[in-house]
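A.B. asks: For reference, the structure I am asking about is given below.
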Amino acid sequence: MTRPAIPLAGVIGNPVGHSLSPGLHGHWLRRYGIRGHYVPLQVGEDDLAQVIRALPRMGFVGANVTIPHKRAVLDIADQASDRAILMGAANTLTFLEDGRILADNTDAHGFLANLRQEAPDWDPSRGPACVLGAGGAARAVIAALLEAGVPEVILTNRTRPKAEALRADLGTRVRVLDWVQAGNAVDEAETVVNTTSLGMEGQPELRVPLDGLRPGKLVTDIVYAPLRTRLLRVAEDEGCTTVDGLGMLLHQAVPGFERWFGKRPEVDREARDAVLK
Ligand code: ATR
């Protein structure tokens, strides 16, 4: 299969209408004058394998994958990166000219790249990190924090067995606390990350005790709607460094765009504005 003259890419999900990816990739394509297209693809579970295998023949060079297909695509791809295997999920597919489909997971990269860009003085080795929540996003966040060199991750989740399972997968530098002890985890940590859906529009607020937030701590939230969650507002009032969750979403898109369209895109104010429109 030769590279198509007008490369196509898209995001596969169900539903997919809410995805910010078409706005972001569309912005980058226009900004760099690249002749290509990026489209939302709403695909149900039963059609997933057939649609993915048909995409390269239609001129697609790759695709992002979102809920609920991030696990299932690992079985459809010919090869998965170590990171995708560790995550048990992929969010980026690349269709090679020899017909092979590669699956990768860029969520951990996105999380870390966002912190490095928005909080350049952040020193992960300064002390433990506290991770609130143990869902799919937490897995990427914990892997990223350990890779960045935090001495320990204190993990707390409403459903404790899910936290224990993550620790079993991700290693001994993860310590599990009960959800009722979340305030202690926040107090002990130098880096605090919310990976739960609490605080998102339409969801209840995150109500863990936050008196342990002190100046110098780094606090970030993977929720990006609203941008300034209650956690970030309280942290800012307490003098912490705060980073919102939109940057993670933008940065996780960078490796795919670069592979498919041959240009490493900037995550800057313009890119943020493009998805917030
Ligand atoms: P994602 O893949 O985005 O992480 P998820 O796998 O559905 O989404 O995980 C959502 C996280 O938010 C989980 O940690 C969940 O806690 P449980 O494992 O106990 O379900 C957490 N969460 C959602 N609603 C919550 C609530 N009302 N109180 C506490 N935690 C909540």
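Even glycines carry a Cβ here, placed using N, Cα and C.
Unlike curated records, TrEMBL annotations are generated automatically.
Not measured: the values here are computed from a predicted model.
Taken from TrEMBL, the feature domain 'Shikimate dehydrogenase substrate binding N-terminal' covers 11-93. For SER19, LEU20, SER21, THR66, ASN91, ASP107, TYR224, GLN252, the entry in TrEMBL reads shikimate binding site. What TrEMBL lists as active site, proton acceptor is LYS70. Under the heading NADP(+) binding site, TrEMBL lists ASP82, GLY133, ALA134, GLY135, GLY136, ALA137, ASN157, ARG158, THR159, ARG160, PRO161, LYS162, ILE222, GLY245. Annotation comment: TrEMBL describes 129-197 as domain 'Quinate/shikimate 5-dehydrogenase/glutamyl-tRNA reductase'. Per TrEMBL, domain 'SDH C-terminal' is recorded for 245-268.
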A.B. asks: In three-state terms from DSSP, label ASN157 (NADP(+) binding site) for me.
C.D. replies: strand
A.B. asks: For the domain 'SDH C-terminal' (245-268), find every same-chain residue at least 6 residues outside the stretch whose CB is under 8 Å from a CB in it, and list them.
C.D. replies: 7, 9, 20-21, 24-25, 28-29, 31-32, 34, 36, 61-62, 64, 91-92, 94, 104, 106-107, 109-111, 113-114, 117-118, 220-224, 227, 275-276
A.B. asks: Determine the binding-site residues, out of ASP82, ALA134, ASN157, THR159, lying near ligand 1 in the sense that the CB is under 6 Å from one of its atoms, and give them in sequence order.
C.D. replies: ALA134, ASN157, THR159
A.B. asks: According to DSSP, collapsed to three classes, what secondary structure does the residue listed as 'active site, proton acceptor' have?
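C.D. replies: The three-state answer is coil.
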A.B. asks: Closest to THR66 (shikimate binding site): which of the binding-site residues ALA134, ASN157, THR159, ILE222, going by Cα position?
C.D. replies: ILE222
A.B. asks: Sort out the sequence-distant neighbours of SER19 (shikimate binding site) for me: same chain, 6+ apart, CB within less than 8 Å of its CB, listed by position.
C.D. replies: VAL11, GLY13, PRO40, THR66
A.B. asks: Taking the Cα atoms as reference points, how far is ALA134 (NADP(+) binding site) from ASP107 (shikimate binding site) in Å?
C.D. replies: 15
